[in-house]
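Written out below as structure tokens is the structure these notes cover.
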Amino acid sequence: MEPSSSRPRDHDRPGPRHRLHGDGEELQQLLSCDDSQDSDAEDSPLLRGPRRLSLENAETDDEQRIVPAEGLALPDVERQRHASHKSKTRSKTSCWPASLKYPKSVFFIIGNEFCERFSYYGMRTILSLFMIKALKLNEENATIIYHMFVMFCYFFPVFGALLADSYLGKFKTIAYLSIVYAAGNFVVATASATDIGLPSREMTYIGLLLIAIGTGGIKPCVSAFGGDQFVLPQQARQLASFFSVFYFAINAGSLISTWLTPELRTISCMGQTTCFPLAFGVPAILMLLSLVIFVIGRPGYKVFKPQGNVLVDVSKCVWNALTNKMKSADMKSHWLEHADERFSEKLRSDIRGMLRVLLLFVPLPIFWALYDQQGSRWTFQANNMNGRIGSWTIKPDQMQVVNPLLILLFLPLFETVVYPALNRAHLLTRPLQKMGTGGVLAAAAFVISALVELQLQAHYPVPLEAGLAQVRVYNSLPCDLQLAYANETFPVRRLEAWTRTDVPAPQGNASVVLGLSGSCLASAEQLALNLEEDKSVSFQLYSIDPVSQKVVSVQSRRVEDILEKDASPRVRVMYHFSDSSEHSVKFSMHGELMSNSNNISGTGDYALVPALEPAESYTITVDGKEVATNQLLDVGGVYTILVDNSDAVVLADVNPNVIHLMWLLPQYIVMSVAEVMFSVTGLEFAFTQAPVSMKSVLTSAWLLTVAFGNLIVVLITEIRFFSSQASEFFLFAGLMLVVMVLFIWLAVRYTYVESQSTDEARGAQPAAEQTDAAATKTDKS
């Protein structure tokens, strides 16, 4: 999820000259109203609270407009300025049209958003495991690439908003960047077919950059474009219902894809036990469908010309004030007072108010640094745990669906139960108090994950490392062997393996000479093995000599190992048959055939077994002969079935996961509570405490804190302070606590803006914005 996994944080700002929406006759009726006709608007339910409107900034009567909400590019519903002490005898309905048709074009926007969120979260859910399983990156490099991708996804919205507001308009920005977005998805899907000879890593990086440009660029535009289709205040209630459906579409798309794409990747296809091309291909098709749906709705859209962006005005004012201050020796009450007179006093005052709130954004990047590791480090952690529940297995990347589900549960629970109870107890009554508690809980979540990691480390396989190679030697000869290596001798029984995980390979390659002796060998032999740095390879020893004679020549078959853990057991059959007949190895459970390796024959070869369901009651047969019963093939295990004619044995190259996946629930629960108290409250605090005109700047700053948070993860991962992942989790928890001490110090010194009533505070964040802000709570989408 994104600040949470699946909800709209996409805000953008309209220009200062948007005109009032509606048909000509309705507009004439609306704009012809005199003061006496709308003098009762102050008390009208239509304009009360979040449904207020404003006709500010209109230069002439025929240019009056609804002031769009600064920051979200949504139709503003500020309170209309009315002359005071007017008669309230005239009915409002005589001025405002009674009703307007619901804009059916918004359903194209909703369909577009469903497909786009399905595409984004479906792709992102499996991205981390794809990089370590298919691209063969280690966890550190996969973490760096993942968080760089997320960083760019939250960096480009600033440029998307500028592009939409100043140059192309929202429709063209969404359409053009969706093409870039879809192209990136198809590039990644093509790159995921790693066995067709394409440069998969390079193509993946290019595809991810295109996706980041696309999703980031349209982020501030889609919800705002939907809001543009409504006439306010007449359609305020319809607008709120639109955002409810819009919010539901986002949740539905993200939740379905987060659960579905891990299932698709575990399907066997293209001769592999996984199918990343299918898992990435489905989101790519959905993104293309998203574009088609959006363009089809073009004839029914209300499309406005770009009108400029307040972020540009703020940047100019701040830059001008700073440069003037450096040139001037005058002392003024605030450095913004050095700005030229062309920048109004209201703009400078609003910037000052905004800066007070931005100061409290200090802890946000660290919070996102912790939060976004649900898609990287916590997913890798889940990959080393056992998700089997009876006959059903939860995939490690499917754990990412827990956070958005919990957020959907916790949001109403906290609003209706938890916060009222705390208020009655006079606890956490202020937003900043809730944020401080949420930050401490985020740190606690990482302490829990570190404790879980300490338990997992005892069961981890020896990792592949730079400068070292790993080797496994399987004995399919008809006798036990004595194997000599590095001045040591190791016994290797028949149909067993010798493993070495620390063979030096300083130059990238290593040649290892093994001495072999045994009762079935005519004489002692030496076997030269070629190894590679940062790789594990296996050699099967066998003989083509007649069984009745001593082995004159030992043969070896080189096989590159696949040792990555997954939700399904990895199984291969290494076989040696003396005859030329075809043979079969079958896997059955409770009498039902689960997999069948047919047509295997010859000497010294191997076959990969299609994905099997994890279970502890497999029966394995070779040509109808049972060689193993009640055999455990479990989550995370990597197994070799070593077959020599009619004899066979099951060997575990990597032991299966033993700690259950549900032990991750505590850290997910605590992090979700932290998100509700820290992220959700923080967004609401910012939007109610800052000036209305600064909402777009706050939105940009909010998104940029997500980007900087992911940059922090990249830097810490690159520096690699600790070799233990548990220690790194403790480091992040400590950073969060340190930052929260600073935040609490700032919060104690902060003076709340109390001049607005509750209704006015909400009015500063009108119905459309409130819905969109609620969506932002649960989505860094």
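Just so you know, glycine gets a Cβ as well, placed from its N, Cα and C.
As the structure is a computational prediction, the values presented were derived from the model and not from experiment.
TrEMBL has this to say about the protein:
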- 764-781: compositional bias 'Low complexity' (COMPBIAS)
- 1-71: region 'Disordered' (REGION)
- 759-781: region 'Disordered' (REGION)
- 144-162: transmembrane segment (TRANSMEM)
- 174-193: transmembrane segment (TRANSMEM)
- 205-227: transmembrane segment (TRANSMEM)
- 239-260: transmembrane segment (TRANSMEM)
- 280-297: transmembrane segment (TRANSMEM)
- 353-371: transmembrane segment (TRANSMEM)
- 401-422: transmembrane segment (TRANSMEM)
- 668-687: transmembrane segment (TRANSMEM)
- 699-717: transmembrane segment (TRANSMEM)
- 729-748: transmembrane segment (TRANSMEM)
Please identify the stretch among 205-227, 239-260, 280-297, 353-371, 729-748 with the greatest number of Cβ pairs below 8 Å relative to the transmembrane segment (401-422).
239-260
Listed stretches 144-162, 174-193, 280-297, 668-687, 699-717 vs the transmembrane segment (353-371), most Cβ pairs under 8 Å: range 699-717
Test of understanding: applying the rule of at least three C-beta pairs under 8 Å (pairs 6 or more apart in sequence), is the transmembrane segment (174-193) touching the transmembrane segment (280-297)?
yes
Spatial neighbours of the transmembrane segment (144-162) far in sequence, C-beta under 8 Å, 6+ residues away
10-13, 73, 124, 127-128, 131, 137, 173, 177, 205, 208-209, 211-213, 215-221, 309, 311-312, 372, 375-376, 696, 700, 703-704, 706-708, 710-711, 713-714, 717-718, 780
